[in-house]
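K.L.:
Below you will find the structure I want to go over with you.
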């Protein structure tokens, strides 16, 4: 097949073809990934007559090679001569759809679904549909599971006789002896229902849905719940109560927590599919039961849907249903024994305030928010704080401020650095809602303390936080409140804290403007050029490069350039390098300021984790 004799230009192709047979897996994988190059070189005729039969015959290989092959063949339409010859791709893909490894089969099915759209209706019946039948009646469960994913793509474009055969094959697979096949059929039930005529949905799909929802395997039953959403959207409202609801009620009370979890997870979609009347009569009691479920995973999934479920309730009875049926369950979940349940609830409970209005929020929800702000679990407190804007719109944040402060302080000092990081990210939002006076009185000290945290990620986030606060509260506030404290750190005995001063100046210079940068910040940076630690000195060079475009021209010429020129003769190689870089930029000043990320030293990229805080740059 190499067929490259006497033609040097085809030599690389010959090598790739030979690599298809090589014993080294990596070489075979490399060749498979370049299969389109081989096909282009061979031309459409030889690809059809030589390459594809070769691939079909040598289908037994390592899984990663087969996976790459299955993916490549899905894009081969034009390489075999276009849609007219697309059926040539079916034999190798059929073989791949029967292999033992699931990811390979799934990729083969994905490619088959893709190329099915390029078949003409005639070719679909002559070539593609027989392939689906062969897979559906295969001896091994692997081929039968693959067939389940192909019925829906060929059904709409075949004749009524063939449609009847396809429906029969699908019915057979839904009652297959092997659970994996029934699972595959259940996962595709909703998709198949969407392409069927309504009469067949009622006569065929409903009976299959009922059977799968009562399967002995919970992995099959939970997939039937997923199909329920699609089926419910297809049926007229009058048929839902008799055809779907009995099975859905049964699933909501299933003995397996996994099935109940799936019902809880899909509850909002089910609610939209069945409509307001059935929601009031059936889904509200079912949702209450899920919120009180004995399994924490189910309660957490249901708690996650509380806001969405309440939003989708009929408007005329929404408030009454929430106050009478949902809120009592929510109150119980606030003190749940499982932290994941409480955390899930905390992420959505604030949204109820916009639904229930000011009076109900103050009377019923506010005590719950306050209780969660005092919860022992940091994630619960964080989730409440991260959604404060919902409450602020309705009642104003002052109602929460007395409980808010202790919660923020605790989170700010939490032993886990990720918790501290999360609260920093919400600080600008809190600042805007609480106002400058409250912030200065209660939270300013916290923000400054983060600048000397032992974890670099916290110090970096605290620096960005200051920049956002200056943008929110203005230059004057920065000049009086923030800048003096930041500049005071320049004399700190810890060189990491002195470097944080430089990072803060980099971040604040643009926000504070030319006057504050030139008159207050620049003298401190210039003084730090004589620091004993080389890391501080080269960061001085980088800071001067960063703030250069903001400074007055006179200061650049008379103060900055002499210092940079001095640093270019430093004994440390890095200091000299960065000083020269800065000097080059300052000479052409008035260019765009550098981005914050460019200020990181090559030795410590932004990918460094806080755990690696002992690196040369960050100490």
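For all residues, glycine too, the Cβ spot is worked out from N, Cα and C.
Feature annotation from TrEMBL assigns repeat 'HEAT' to 12-50, 89-127, 166-204, 205-243, 244-282, 283-320, 326-364, 365-403, 404-442, 482-520, 521-559. For 89-270, the entry in TrEMBL reads domain 'Phosphatase 2A Regulatory Subunit A helical'.
Please situate the listed features within the shown structure.
P.N.:
Outside the repeat 'HEAT' (89-127), and at least 6 residues removed from its termini, the chain residues within Cβ reach (under 8 Å) are 52-53, 55-56, 59, 63, 66-67, 69-71, 73-74, 76-77, 80, 83, 134-135, 138, 140, 142-143, 145-146, 149-150, 153-154, 157-159, 162.
For the domain 'Phosphatase 2A Regulatory Subunit A helical' (89-270), the mean pLDDT of the prediction comes to 89.
Outside the repeat 'HEAT' (166-204) by six or more residues, the chain places 129, 132-133, 136-137, 141, 144-149, 151-152, 154-156, 158, 211-212, 215, 217, 219-220, 223-224, 226-231, 234-235, 239, 243 with a CB less than 8 A from a CB of the stretch.
Long-range contacts of the repeat 'HEAT' (205-243) within its own chain (CB-CB distance under 8 A, at least 6 residues past either end) are made by residues 170-171, 174-175, 179, 182-183, 185-187, 189-194, 196, 198, 250-251, 254, 256, 258-259, 261-263, 266, 269-270, 273-275, 277-278.
Note: the repeat 'HEAT' (244-282) comprises 32 helix, 0 strand, 7 coil (DSSP; helix = H, G, I, strand = E, B).
The repeat 'HEAT' (283-320): residue composition by secondary structure is 30 helix, 0 strand, 8 coil, according to DSSP.
Within the chain, the repeat 'HEAT' (326-364) has long-range Cβ neighbours (under 8 A, six or more residues past its boundaries) at 284, 287-288, 291-292, 296-297, 299-301, 303-311, 318-319, 371-372, 375, 377, 379-381, 383-384, 386-388, 390-391, 393-395, 399.
As a summary of secondary structure, the repeat 'HEAT' (482-520) carries 35 helix, 0 strand, 4 coil according to DSSP.
The DSSP breakdown of the repeat 'HEAT' (521-559) into helical (H, G, I), extended (E, B) and coil residues amounts to 34 helix, 0 strand, 5 coil.
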K.L.:
How many of the residues that make up the repeat 'HEAT' (166-204) does DSSP mark as helix, as strand and as coil?
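P.N.:
The composition, in the requested order, is 33 helix, 0 strand, 6 coil.
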K.L.:
Based on DSSP, tally up the residues of the repeat 'HEAT' (205-243) by helix, strand and coil.
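P.N.:
Helix/strand/coil tally for the repeat 'HEAT' (205-243): 33 helix, 0 strand, 6 coil.
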K.L.:
Could you break down the residues of the repeat 'HEAT' (404-442) into DSSP helix, strand and coil, giving a count for each?
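P.N.:
Looking at the repeat 'HEAT' (404-442) with DSSP, the answer is 34 helix, 0 strand, 5 coil.
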